[in-house]
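Comments concern the structure below.
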Amino acid sequence: MARRSVLYFILLNALINKGQACFCDHYAWTQWTSCSKTCNSGTQSRHRQIVVDKYYQENFCEQICSKQETRECNWQRCPINCLLGDFGPWSDCDPCIEKQSKVRSVLRPSQFGGQPCTAPLVAFQPCIPSKLCKIEEADCKNKFRCDSGRCIARKLECNGENDCGDNSDERDCGRTKAVCTRKYNPIPSVQLMGNGFHFLAGEPRGEVLDNSFTGGICKTVKSSRTSNPYRVPANLENVGFEVQTAEDDLKTDFYKDLTSLGHNENQQGSFSSQGGSSFSVPIFYSSKRSENINHNSAFKQAIQASHKKDSSFIRIHKVMKVLNFTTKAKDLHLSDVFLKALNHLPLEYNSALYSRIFDDFGTHYFTSGSLGGVYDLLYQFSSEELKNSGLTEEEAKHCVRIETKKRVLFAKKTKVEHRCTTNKLSEKHEGSFIQGAEKSISLIRGGRSEYGAALAWEKGSSGLEEKTFSEWLESVKENPAVIDFELAPIVDLVRNIPCAVTKRNNLRKALQEYAAKFDPCQCAPCPNNGRPTLSGTECLCVCQSGTYGENCEKQSPDYKSNAVDGQWGCWSSWSTCDATYKRSRTRECNNPAPQRGGKRCEGEKRQEEDCTFSIMENNGQPCINDDEEMKEVDLPEIEADSGCPQPVPPENGFIRNEKQLYLVGEDVEISCLTGFETVGYQYFRCLPDGTWRQGDVECQRTECIKPVVQEVLTITPFQRLYRIGESIELTCPKGFVVAGPSRYTCQGNSWTPPISNSLTCEKDTLTKLKGHCQLGQKQSGSECICMSPEEDCSHHSEDLCVFDTDSNDYFTSPACKFLAEKCLNNQQLHFLHIGSCQDGRQLEWGLERTRLSSNSTKKESCGYDTCYDWEKCSASTSKCVCLLPPQCFKGGNQLYCVKMGSSTSEKTLNICEVGTIRCANRKMEILHPGKCLA
């Protein structure tokens, strides 16, 4: 056979050579067809317009010319528009500010070029309070009370300094006693050290520490630049002036992609709050310590630049310090504006009011750092051009560092090495390696803005003037920024004010909710293992090395991996409190799940925290001060010569007759929390040796508590407790569907699958897409075409239980995908019932009905379903409803021989009668198809 093929080829080749080769372009191509998809990668084709004429036949055009071409099109991801939830109810009227608020959340951030959300998430309105304003005044005891309510030491009265901030401590003074023998100026820019810092936004916010307060102490520090010392504020432990400009501290770093900026161990910042909610954020650093700029324009600019081509980045940075500082560990003097904001917070938790603290003052404060500036540029290079240059990563970093020393710092002794000017990339740009970069992103901080802007590099520019860097360096001394800093949570500053413990607890709760708004778990997975990051209400994709495009959808020629790394989904809502007064929550590695050898998610799957209870729940939140925070466990233990200490109850259990010490022979009774029942002997007896005689006893869960869901969702059936094995269904108002699974089952100690606290309703995309078309179709101009399972079904739709006749198996499928495939003539799929596949009568009848349907003469579409001979379609519910046996037609070709109930006699029934009897769940045995023989 092989020899015959070779001979045929030789003969064909000889004939072609003998004749004239076909000029295929003689037959023009048609226009490319429209793309099969508008997004998410489709295909289009074109055909050659063949005319079988003499030329075509004589020149073997049939064998030579391709008649059809296909290409990929519209590979960009479908845009996801930002979706805001509805406003919740108005909060109670705050009696102190006479305002109330309502809040809504971002249900879905925008992504892949979708429309962003611009409307506010919080609304305020004036109101008439029904309660008195409960702003507690500080108990100054032996201290002086300022008009503002602040307490200061008595020794600070009449010292000629405004220690109160409102000058009330210097009023009605006969004589004043100066603290210092002469007047000293404050440290330049000392107020910057007292600003708050928003860790999630990566920028300083309002003043939280009053660094004009000196505390009646005359402590000074001297700078080498001036002869006059500066006064040191009371909040600072140490201050040291220095000017650091050494040339050899110029650092360079190489990044194959921007994801390594966020995942490198030495450069990773993580945000955490009380309760353990944490996630990593990409950061840029100055030297040893971290500075987060995740959400500012520089990082966004870098991401957008990386989308245009497969890129690598070289970062060069140099730190110039003017002074170093360390903040005191305790007894810090808060700024008036921050103190006033804290004092006006209500005792009752109000998410909107408490979250404003973080908007205005940030999430952290500076515990140490430096004032100065940072020369910092991030150069973007084409990965392909860097590879073709012949330089290694270390050599490329070295060339950027050497050229920066020569062309920016104008270091006199810098020698440019031969390899940095003669490689293939530098040769294209007159010996300059930096000129081969695509662009640079400026991360310069400190100094006057016009000098900082002049240091930024632009492609094609002639270079910097020699004085540019020195001018910026001088301006850093007058206009420094806080750099190389360390942070502590701003919540730690809430001490020694009225109701400090109550407000600290409320702020921790608010910070946990506030931080969740920045968690990229809300984003859809990015193509090619891109890492999503949330910027405001927009999700951006940070591309892996070897990928690029607006959403990382394009691959460089040498990118071969098809693995999908796992990413965390969002946390579930907190569970109810157990017997140890703790609650927990979980998350799943499913956004996306690891596929084709991809990495598993790093981090914890489950978190646990202590529960808090209000002992005055009906009287509002109590005011607890710092010196009043005591728990029962802090009470001294009672020592006795005989008896037994309190025993440890089983998990999810408690002691009914609880006390600290029990007499010999005394019994304790073990009871279980709601939703649990006692299994075993529930009495312990105190023995003379101080131990307990106890049998095996445990609290086994028997019920799940009704989950907490958003108001727009309806729970069916609605009850307080559900036994193990019971299920609930979540539904939405007409025109909306649940934006996630709708069915949940009580299993073990939780609901399965976990119920997300962000679960809500969204517009029914199926209804919107189909327009005036049938289910499974969408409107395209004036025509109805089948929906694409991949393109049109990326949104959530309700679950259906479906049977596949090819695999002879049933499975749960999204409704949209089922309808789209059914429209595309996928006849092997059969609807069983709404909801996920669960063992039981509904599934059994669905499978039996599918087997019986193969012989049905009637097949009428009805919603998701198809009605058969023994059914009719209900117009009101779009569901198939079984007929009664007398409503069936008589006779017919599809007959069966059956036995009814416990009867031994045989009976012939048609397919309609068989279907109605089995639908009513009456006992019947089908003996064989056709009439009974007897």
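Cβ coordinates come from backbone N, Cα and C, glycine included.
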Point to revise | 248-261, 402-415, 892-905 - the one Swiss-Prot records as transmembrane segment | key: 402-415
Review point. Can you tell which of TRP457, TRP568 Swiss-Prot marks as C-linked glycosylation site?
Key: TRP568
Practice item. Have a look at TRP75, TRP571, TRP845 and find the one that Swiss-Prot tags as C-linked glycosylation site. Key: TRP571
Exercise for review: Could you check Swiss-Prot and say which of TRP90, TRP692 is marked as C-linked glycosylation site?
Suggested key: TRP90
Practice item. Tell me which range among 278-290, 733-745, 798-810, 824-836 Swiss-Prot lists as transmembrane segment. Key: 278-290
Exercise for review: Return the single candidate from CYS523, CYS526 listed in Swiss-Prot as disulfide-linked to CYS541.
Suggested key: CYS526
Review point. Among the glycosylation sites THR38, THR392, which residue has the largest number of other Cβ atoms within 10 Å of its own Cβ?
Key: THR38
Review point. Name the residues of the same chain, 6+ apart in sequence, whose Cβ is under 8 Å from the Cβ of TRP32 (C-linked glycosylation site)?
Key: GLN44, SER45, ARG46, ARG71
Review point. Could you give the number of helix, strand and coil residues in the domain 'TSP type-1 2' (81-134) as assigned by DSSP?
Key: 0 helix, 18 strand, 36 coil
Exercise for review: Could you list the residues of the same chain, at least six apart in sequence, whose Cβ is under 8 A from the Cβ of TRP29 (C-linked glycosylation site)?
Suggested key: ARG46, HIS47, ARG48, GLN49, GLU69
Study note, to complete from the structure: Smallest Cα-Cα separation from TRP90 (C-linked glycosylation site) among the glycosylation sites THR38, THR392, TRP571, ASN855 is shown by TRP571
Study note, to complete from the structure: ASN324 (N-linked glycosylation site) and TRP568 (C-linked glycosylation site), compared by Cα position, are separated in whole Å by 39
Practice item. Quick one: of the glycosylation sites THR392, TRP568, TRP571, TRP574, ASN855, which has its CA closest to the CA of THR38 (O-linked glycosylation site)? Key: TRP568
Revision key, fill the gap. Residues near TRP574 (C-linked glycosylation site) by Cβ (under 8 Å) yet at least 6 apart in sequence within the same chain, in sequence order, are ARG583, SER584, ARG585, GLU609, ASN757
Practice item. Name the secondary structure element type, per DSSP in three states, that contains ASN324 (N-linked glycosylation site). Key: strand
**Study point:** Euclidean distance between Cα atoms of THR392 (O-linked glycosylation site) and TRP568 (C-linked glycosylation site), Å
**Key:** 35
Check your understanding: Can you count the other CB atoms that lie within 10 A of the CB of ASN324 (N-linked glycosylation site)?
Key -> 17
